[in-house]
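Colleague: Pulled these from Swiss-Prot:
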type: BINDING; residues: 151, 152, 153, 154, 155, 156, 157, 158; note: ATP binding site
């Protein structure tokens, strides 16, 4: 028998509904409110008194009024999962919003699910090879790890994300789920068409809950994307989950918390900030079947890293990739800052002695070059000692060798994209550090894949 209630109060996206006291819906149950020509989905957040629940709408509440009927579905919001979701674009409720025709999925999962138990989780730290030299060498990703992607507007976050999607699809046969949380609709639209053009769309599912949507949708859309990823992981796949932007997840939670009347905590954030973040992040993990590796774009409000939202996110991250405007000004792409980016995988016990030594030496030489730049700016390079001149020469070659042509940017750059295995990356940088290529001009190192490509370019330049 269906369990019906009546809407008794609506304040923006918050809806109070009266049920029989013995048939009160459970927390997180989805409710369908019949608004005549459409059904509005809301999620139960609080029980008020004996017979009333407070729900948050997942869709626009326009047209709702008191006295309307609400049906308790008896389960939480469920979204479609399976290979059918690839190449399609969904909203928080798992409804397609790409206008690409009817969508039929055989299976659906609830968005609220427990995290894998300790027994199910994989404990062996394993490197996730991206084929992008600067990441693999200096701040490697962990399979099933969480990576923070930091960078302002226009420094190449989207292109880096697309290249990662392309590389996992083509080199590892893996899949990707892109979750747009509270960002601009225009950016989502651009991403969709760019993915279509670069040919990575059929290996990706996209889930959007953008800036103009109610806070309930923005708060839950990350769980929708995560649920789709979990299905693929449980089928033995390696999945790449992108969350853009994790700050908006916290921001939406803060709005909902205030609307529900909870007393705010530090800087006006919700008192449950750490719990909500933990519930999301704990589900992103490797199991013995497969892995979910997540790359999360992190907006830092007013560049304050001590703000509770980014500070809570940091506690969960295994690696950080920092994109820097000063590197884009040098014309080096991807504009990953080799000194600011970090990873807990940079450990000789995980990556091996050789890789570790090369990475540390590369960081040291770039650090020394940064120190010498002031002297060069004032006195000129001729005033440096012979040893320092050698350091500067090698550092500039390393800096350029950290650049790389991307497959997804081929149509703009005219350069064929390169995927570089970790072994080749380590070998190339080791040879530069050993001085084997001191006689090769700097320009030969720019936008090349392996060290062999550099040697070929140098030969062409001589002709």
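Note: Cβ is positioned from N, Cα and C throughout, glycine not excepted.
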Colleague: Give the sequence-ordered set of same-chain residues, not counting 151, 152, 153, 154, 155, 156, 157, 158, with Cβ within 8 Å of the centre of the Cβ atoms defining the ATP site.
Modeller: 323, 335
Colleague: What number of additional C-beta atoms lies within 10 angstroms of the C-beta atom of residue 156 (ATP binding site)?
Modeller: 19
Colleague: Please list residues from the chain of residue 157 (ATP binding site) whose Cβ is under 8 angstroms from its Cβ, counting only those at least six apart in sequence.
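Modeller: Those within reach of residue 157 (ATP binding site), by Cβ under 8 Å and sequence separation of 6 or more, are 149, 151, 244, 297, 323.
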Colleague: If we count other C-beta atoms within 10 Å, could you say which of the binding-site residues 151, 152, 155 has the fewest?
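Modeller: Each of the binding-site residues 151, 152, 155 was scored; lowest Cβ tally within 10 Å is 152.
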Colleague: By Cβ count within 10 Å, point out the most packed of the binding-site residues listed: 153, 154, 158.
Modeller: 158
